[in-house]
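Among the features that TrEMBL reports, domain 'Nudix hydrolase' is placed at 1-128. The 8-oxo-dGTP binding site feature in TrEMBL is assigned to R23, H28, E34, F35, P36, G37, N119. Annotation source TrEMBL lists Mg(2+) binding site at G37, E57.
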Amino acid sequence: MKIVNVAVGVVVNEQKQILLAKRAKEQHQGGLWEFPGGKVELGESTFKALVREFKEEVDLELEHGQPLILIEHDYGDKQVRLDTWLVEQFSGSARGVEGQEVRWVPVAELANYEFPAANQAILQAINQTLG
Ligand SMILES: Nc1nc2c([nH]c(=O)n2[C@H]2C[C@H](O)[C@@H](COP(=O)(O)OP(=O)(O)OP(=O)(O)O)O2)c(=O)[nH]1
Ligand SMILES: [Mg+2]
């Protein structure tokens, strides 16, 4: 099966809160919380894709990021590679451009949210880096 390359952003604000968005019901892994992001287009760098997706989905301008963790996960119906970045420099004010719920969540409260299975490794990396 073809693997889908996804750029994922863990955006942290000055209060050490992380931006989450809720995936729409009809999407793959719908109804679960996610770190915003989306599919990398042909010829696009991961960070460029991340900048584009954050503008499209949550209206934030990302300025600088660093690679956090690369995860490959097979959902059975879909295989994904989540190239996950930590972003502490950004501007703007987050809103759900596509009508989705968005929330700034303290690192210590992330465990209260339901994520897709592939995200467990991201949560561990966040705890190691920011926790
Ligand atoms: N953005 C994001 N995707 C995730 C996370 N965890 C996880 O398993 N995924 C999966 C779900 C999807 O299969 C894929 C991301 O696709 P997406 O739906 O965000 O892609 P996209 O923004 O380009 O949207 P679309 O073109 O499919 O509408 O990665 C996560 O934390 N954030
Ligand atoms: Mg997306």
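Cβ coordinates come from backbone N, Cα and C, glycine included.
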Cβ-Cβ neighbours of E57 (Mg(2+) binding site) (radius 10 Å): 21
Those binding-site residues in R23, H28, E34, G37, N119 whose CB falls under 6 A of ligand 1, listed in sequence order: H28, E34, G37, N119
Local confidence of the domain 'Nudix hydrolase' (1-128) - pLDDT mean: 98
Extent of the 8-oxo-dGTP binding site in Å [max Cα distance among R23, H28, E34, F35, P36, G37, N119]: 14
C-alpha spacing of G37 (8-oxo-dGTP binding site) relative to E57 (Mg(2+) binding site), in angstrom: 8
DSSP helix/strand/coil residue counts for the domain 'Nudix hydrolase' (1-128): 31 helix, 53 strand, 44 coil
Any further residue of that chain within 8 Å (Cβ to the Cβ centroid of R23, H28, E34, F35, P36, G37, N119) of the recorded 8-oxo-dGTP site: V8, A21, Q29, L32, W33, F115, P116
List of residues, in chain order, with Cβ under 8 A from that of F35 (8-oxo-dGTP binding site) and at least 6 apart: V8, G9, V10, V11, I18, L19, L20, A21, T84, N119, I122
Binding-site residues listed as R23, H28, least Cβ neighbours within 10 Å: H28
CB within-chain contacts under 8 A for E34 (8-oxo-dGTP binding site), separation at least 6: V8, L20, A21, K22, R23, F115, P116, N119
